[in-house]
Each structure stands twice: as C-alpha cells, then as structure tokens.
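Peer 1: I have a structure here, written as structure tokens, and I will follow up with some questions on it.
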Ligand code: ADP
C-alpha cells in the first residue's frame, strides 16, 4: 500500500469508525437522515458522483432504492422511489448473488453478455462504478452502488475494502432496524390488547406492590396506568381499599399456584363492585415467585342476574311442587269417590236385579273404568311432564308379567272373536330386575290399542332376547295386529301427547291420545325406543326394546321337566300360530310333541300311534275348530278303544265361561284359558299325567274359581284398617260376597291392638287416618313383631303419586293397592298371603254360641248346661266322620241314619244352626241328591271353623 493509500486509510478509518458508531444504536426515526448524510460524506470523501442503496423487496424479484445521494450537478439515480424488477440487470444481479463485488473502472470493462447493463449504465453516462452486495446473517438483502459520471475511476483495493466495511455498517443497521420494527409492532399489538382489554390485568411484585397494570385496572380506581406502575398500594389508595387489596393479594400469593377469588371492592365512584380475580404466579429460574399476574372481571351484574335467575327457578320449582301437590290431592280426591262408585256397583251387581238393571250396572262399571283409565293417564302424563316419574327396581318374573298383561286383555279380544297369542322365546330370562308394573302398562296400552283397532283376525305378542351383555338382557317386544292400520303421515305424530291418527277415528274408537306418549316415555326410561310399522287396512306392528338386569342364578324351571321325558303329547288346533306356540313351549321340556291341524288328523294320529312307543298320552285340544268342536272330538275319542285313555286338556278362550264344568262332563281332565301360559300348561300336563298331585300348589291352573274356593275354606284372617265408613262397607261386603269376613279397626291405634292380639294373614291398611295413621301404625307393628313374626300389611290408599308406594314400603308395609280398589288384585293378595294352616275345628265355638239359648230355654245352670254341651261336642267328630264316609260311599241309607242322629241331638240342645242344616241333609239323603248332600255337609263343617 502506498502513502496516498495510507493517508486515505487513516481518514477512511475515521470515516468507517464514525459511521459504525453512528449506526450502532441509531434509532429508526433518524436512520434515513443519517444514512443520507453518510452517503454524502462517503461520496465527497471518495470524490464520487452518486451512491445508492437497493434492498430486495419481500418478493425477491423486486427491489427498491432505500437511500441515494448524488452530486449537485448530477441527476439522481432514480427520480421516483419505486419498486423495480430485479432482472432488468441480470448480469449484475447474478454477480451480486454470487457474493461478488462488481468493480468497473471503465464502462468498456462490462462484458458483452451484459447487454442490459451496458445499455443502462451507458444511457446514464456512468463512467466507473462499484457495486457491493449487502448481507445480513449471511443472507443477501440488497446492494450498494458507488458511481462516477464525470470521470473514470480506477477502484483501488483498499478503497473497495473500506467501502465494503462501511456497507456492512449499513446492512447490519438495516437488519437491526427491521427487527426492531417487527418487535415494536408486536409490542404495540400487545399493548393495544392490554390497554384496550375490558378485563383488568395487572402484575404484582409483592403483596402490596404493583409491577404494572393495564388501563382497565387503573380506570376502575379512577387512575392511570402510570399512577399504579411500580407503586405501593398504600401510597395510591385509601386505607380501606389498600387493606382489602393487600389481604386479597396475600391470599393469592399464599396459594402459590393458579387461583381464583371473588373480591368486593369500591370503584372510583364509590360503588361496591364484585370482581372475579384469577391469578397465576410467574416464577424465576430458581422457582421463586417473581410476579403474580392477575386478571379480573367485574361480575356484579352477572351475579345479580344469577340471583334473579335463581329466584325465578325457585319460584318455578315452588309452582311445580304446588302443581304436583295439587295433582296428588286431586288424585286422592278423585280416587276416593271412584272407590265408592266401583265398590257399590260391584255390590249392587250381586243383588237381585232385573236384566235391564244388570245391563245398566255393566255400562256404569265400564264407564267408570274408562274414567279411571283417563285419570291415570293424565296423572302419569303430568308426572312425566314434571319429571317426577321414576322407575322401580324390583325383582320380578318376566314371563309371568308378560303373560299377565296379555291375559288381562284376553276377555276383550275374545269378545271380538280375535285370536290373541303370546310367544315368549325360550332365551328370554325368567327373573329380572326392573319395574314390572310400568312394563305391563306399556304392553297393556299396545295390546288394548291392538284390540281396539282390530275387528277381525289376530293379535300376537312376541318377546325375544336380542343379546345379553354384562348381565343385562336386551329385550325386544312386538305387538302385531291385523287391524285398521295407521296412515304414513300419522305415524310420527301418534307418539306425541294428545295425538290420535285422526279426529274421526277418535270419535269412533275413543281414547285420550296419551297412551302412546306415556308408553314412549316409559320405554325411554327403560333404556329403549318404541317404533311402529303399519299398512292401512292390513294392520300395525308396534315394537319396543328395553334393557333389564338379569337376576343371577335365577332358577328357571318351576318343576322337574325330567318327569315329562318320554311322554307323548298331541296338540290339536287349526290355528297355525296357536299350535306352534303350544308346541314350542312343550318342546323345551323333552316331551315328544305331535301336531294335528284338525280333529280328523288328531283321530288318525292317536290311532296310528296307539300300539307304538309313541302312544299319545295327552291331547291338548282347541275349543273351536272348523271340522269338529273340541267336545265332539272328545266324545268320539272316548268311544274308541285305543283313544279312550288319552288324557284330554281343553284350550278355550277366557270368556267361554262355564266350560270348566261341561269340559269335565265331556271327559276333559283340565281346562286352560287362552292365551296359554307356559308354566300353567306344563303344570297342567304334569297334573293330568299324575306326575303331580292335584292338591299341590301349582294345580291352581285348573281354574281360577277352584283356587278361590280352596282358599275360602282356609278362612283367611283379614284385618281391615279404614276410617272411612263407605270404604269399610264396600270391602266388608265384597269379602262377604266371596264368603270371607274380616276384623275392622277404624284407626292405627285400634289396628295395633288387634294385631298384637290375633294372628292375621293379611292387614289392609289405609294410610291417612285420625289418631294414628297407617305409616306410624305399621312402623309400630314392625317394632312389636321384631324378628319373630311378620304380618303381611298391604297399604290401601287413594294416593297415587310418585313416592307414595315408596313411603308405604319404607314404613314397613309389604305391598300397595291404590284406590279405587281393584278387587281382583285384592283377592289375589289375600290368596297369596293366606297361610295354609291345619284346619282345626273349634267345637267350643258351638258351645259359646249356643249356651245362652240352651240355658234360657231349659232353665239349667250354666255349668250343667256346659257339661251337657261338652259331651255333645265330644261325640261330634265321630258323627261327622260317619256322615263324610257315607257321602263318599254314596251310602244314602247310612247317611240318612247318621244325619238323623245329628238332627236329634242338635235339636235337643237347641243348636239351631246345625239342626236346620241336618234336617235339609237328611231330606237330601232320602232323595239321593249327591251334590246337595256334599254342599250341605260342607256348610255344617264350616260352622266349626
Ligand atoms: P288413544 O288410544 O287413547 O287415542 P294412544 O296414544 O294409545 O291414544 O294412541 C294414539 C293413536 O294412535 C290412536 O288414537 C290411533 O289413532 C293410533 N293407534 C294406536 N295404536 C293403533 C293400532 N294398533 N292400530 C291403529 N291405530 C293405532
């Protein structure tokens, strides 16, 4: 390097130094002015004519002059500062991109290939130029051009290096300023957010000191942001506010983790406002809390609104409770007189009436039943509306429940000559947990609709278990009819409340339109859905599914099927479905089952199998068949040598009353009502084949009436606890109609006394009574009995709202009958609870009942009279046994003789009850009236129990 270079260098170093220093921390606002000054300084220093800096745009195919300087007499590089296309100077740009300085001492040095550049620079009259690439972090961001127009320059190496160094100061500064701009933009953005936020935001450096706060927080206290920043609470606020804030801050700091609290504090207007504060600690590297960042929202209005809402909700709930209570009361009020109507109609029916009067009563009863049904529907619907309807979870026999529901409608179906059959798939679990009465209610509704809307054909009820999962049975029910069907457009609406397929149907068929709406809700509550498929004129199929818990290890069979193995049964029925059902029930058991479609086929089958191992033991015969009636078939069979020993079972519709008696005359061993219940059928077969004794419990199947007679002989001991005279009268009289009596208590306290003195089979307990109500009375009875005894107590109440049955059960009662009383249910309960006690005749009863009359008519001393009567009662058992034997042996002479003896002794002793019956019995014996003799003897026996 020569001296000139050195001299340049010293000056240059100064120039470089001053530029570096200047741009080191230059603020963006001065950047352009200072840059321009620097370019001028450099231009003058190196005796140049023009300097310009280009930076590439965001789109790198464009560039733009950032700053330019030119000597006064020289034109600026560009008149307008606008974007230019990079590839206008392709050769130059290529060079720059390769990080090369472009050093041109004379324009002739530009290579020929740089056509555009030669033209551009020549046009501008540039004689020499130096272009240096500008980089930031190794990335090309632009270039700086140094030009001489007035004279040619030979660019020296030192000069180029110095200009290169200065260029670096420019590019670094540009990069720094760009970054700062972005950062500032960011900061600005955040401060816009912070200061315009509705939420209050602040940071605390300790319990009483702010680090910073946003405008919203400052404004709340009527301050500015700078009033709060780095200040102590006690220096800014009044003592109360400062105390409150520091206490709240202290609590939040204490938590040491994100926390929340509400704080009531005065704002700048002195109004108490409720702030919901959320805090989050910000920790330093060592884990110490550096700041507590807080945000807060004013929830004063929101809280007020919540309070209002709560009040409104409370009011609504109160209204709802009032509605429910009203419903409960109304239901009680309506049910009480309904009980009277039902009861007295029932009693009236048993009196001597003309045919017309009987018909009127039948109509009145049917109208009251409809009314009760409507009341129940409305009540259920209100319960669903008020979300008060709950499902019970009790163990029950599913098959029995389904069969009971179907049986209930069997008389109506039979009245319309409709076949009604049930098909319960063997995979359906026997014992389940759920709400049997609600399940029955749904089935009831669907079946009664099917009966209502079908005039001919059949109704089938099918139940299937789709799958079992975790001890839950997924059951599918199907009720299919061949009735009027439902139009497509009505299918979706019939499940809505009060909706019926159309108005005209309503008028023709009646109904409230609530049944399906209730059923659909009930099914939903049982975990399923109800659906319908229907074709107008062909019929409808309602399907629903429910989920029920299977009872673990429930015993399925009621008796040993093994006993039936090897027996051959013939099912005779012209209705394919009915026959198939009976066959399917039998096939589960190991019985060999044969089918006959008509009487002729039955006869052929019996004869052809007579001398084979498949000899028919039992034939189950449908009452009505096209070719021959069941009675005709039975008569024919009895005349045939091979067939006369076949035991016959009659299948008849429930309303074919009186069949029990005549069926026996035609040689049937047993009669079963349709639709057939599987267990009844099996029990019946076992019984007629002699595999089961008739007097076993299950022989109830033969007919309901026989069962009741048997039970009556057991003389159930009933206590009726009822304060209402009308209700008492009804129950007493209904019991009397069935040859039963009961003791009566008019309140709980009387009942308590009665139960402690006598052993009752069943106590019917009213709930609401003066002195002591039914709940209290039951609870006391349970305490009294302890573990030693358990008297069956059945609530009889007009309350039918949710919780009533629970209340009864909680009080210790065993079951619940709602009023108006369903007497069938009442008798079923009596039957189920009457203990089978050894019937010990009580002859002393005769003495107690007759001694006064005997003393009075004979003038005897009471003690003597007792002795005579005791002697008489000692002889009585033998006398009665003789009469019994004579009746059994049909030995009427002997019967007349012993009865005569009874007549004489009872007459002498003035025991008129026995005496009068003995006279009648003697007369009947003379006339050889076997049935009458049996009946009268039963009456005599009854006097001792
Ligand atoms: P209700 O029978 O008391 O009118 P439901 O809710 O039980 O009320 O039934 C609503 C309507 O659905 C009935 O009025 C009838 O139009 C139609 N419907 C229900 N079941 C059947 C059916 N099995 N066949 C034809 N229509 C039916």
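Cβ coordinates are placed from backbone N, Cα and C, and glycine is handled just like the others.
Please treat TrEMBL annotations as automatic predictions, because they have not gone through curation.
According to TrEMBL:
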DOMAIN    259-311  domain 'PAC'
DOMAIN    329-550  domain 'Histidine kinase'
DOMAIN    568-689  domain 'Response regulatory'
MOD_RES   622  4-aspartylphosphate
DOMAIN    717-834  domain 'Response regulatory'
MOD_RES   766  4-aspartylphosphate
DOMAIN    861-945  domain 'HPt'
MOD_RES   900  phosphohistidine
Peer 1: Can you give me the Cα-Cα distance between residue 900 (phosphohistidine) and residue 622 (4-aspartylphosphate) in Å, rounded to a whole number?
Peer 2: 48
Peer 1: Pop the Cα-Cα gap between residue 622 (4-aspartylphosphate) and residue 766 (4-aspartylphosphate) into the table, whole Å please.
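Peer 2: Cα-Cα distance, residue 766 (4-aspartylphosphate) to residue 622 (4-aspartylphosphate): 45 Å.
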Peer 1: Residue 622 (4-aspartylphosphate) has how many other Cβ neighbours within 10 Å of its own Cβ?
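Peer 2: 23, counting other Cβ atoms within 10 Å of residue 622 (4-aspartylphosphate).
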Peer 1: Pick from 766, 900: which of these modified residues has the biggest number of other Cβ atoms within 10 Å of its Cβ?
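Peer 2: Of 766, 900, the one with the most crowded Cβ is 766.
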Peer 1: According to DSSP, does residue 622 (4-aspartylphosphate) sit in a helix, a strand, or coil?
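Peer 2: DSSP assigns residue 622 (4-aspartylphosphate) to strand.
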Peer 1: Which of the three DSSP-derived classes (helix, strand, coil) applies to residue 900 (phosphohistidine)?
Peer 2: helix
Peer 1: Take every residue in the domain 'HPt' (861-945), average their pLDDT values, and give the whole-number result.
Peer 2: 87
Peer 1: Pull the DSSP breakdown for the domain 'Response regulatory' (568-689) and write it out as helix, strand, coil residue counts.
Peer 2: 51 helix, 29 strand, 42 coil
Peer 1: By DSSP, how many residues in the domain 'Response regulatory' (717-834) are helix, how many strand, and how many coil?
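Peer 2: Summed by class, the stretch gives 53 helix, 22 strand, 43 coil.
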